[in-house]
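Worksheet: one structure, shown below.
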Amino acid sequence: MNRCWALFLSLCCYLRLVSAEGDPIPEELYKMLSDHSIRSFDDLQRLLHGDSVDEDRAELDLNSTRSHCGGELESLSRGRRSLGEAAGSPTVAEPAMIAECKTRTEVFEVSRRLIDRTNANFLVWPPCVEVQRCSGCCNNRNVQCRPTQVQLRLVQVRKIEIVRKRPVFKKATVTLEDHLACKCETVVAARPVTRSPGSSQEQRARTPQTRVTIRTVRVRRPPKGKHQKFKHTHDKKALKETLGA
């Protein structure tokens, strides 16, 4: 009985000491005291040592975390210093290599006009695919990288339409063009057409032209006032005599 009271007093002293230091008292201790789960000194020692071990482990973990973070910060600062030194000092440039003429993977956009040119109220999924295309440069500008072997490939995409506020999924087939082989070929430039000054005249002479001639017909009117005084004379004989006189 005296031993139990001694354990109880020692535990109360420990709790007061802990509360005096300012650390919060765990709720498990109050529960263990109320339940009388501490039956011996070994239980109390085990409990105290368990708390101390946990505290030691927590402190150890905190120290290791601090040291680890410090090591990371130090290594990061060293890396930054090395990068700064490399940026400030002249670096050795590697020799440039020509991008040779060969097939490369490119992204091809699947447009809606490849599926339906009469309707634009739909979506295509996927919106883009990968194709093989020739690319690269040649030794001079007179030759270009062009495909020498081409293969057509059929792929199936989804055509998404909205009908009565609901999506309708349909299947559509798209033809893709893949380049299998490439080669630098000579570019044949279109020759400019030169025209001489006489060529336009010859062209005009060869071209039949329709000429429209407009003639003006003048209508002669009798002079006014002539024979005006004889317009009421009906006798031709008298008229001749008068004119002959």
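A Cβ is built for glycine as well, from the same backbone N, Cα and C atoms used for every other residue.
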64-89, 220-245 - the range that Swiss-Prot marks as region 'Disordered': 220-245
Separation of alpha carbons, C101 (disulfide bond) and C182 (disulfide bond) (Å): 6
Spatial neighbours, same chain, of C138 (disulfide bond) - Cβ under 8 Å, 6+ residues apart: C101, Q144, C145, C184
Neighbour count (Cβ, 10 Å) for C101 (disulfide bond): 20
Cβ-Cβ neighbours of C182 (disulfide bond) (radius 10 Å): 21
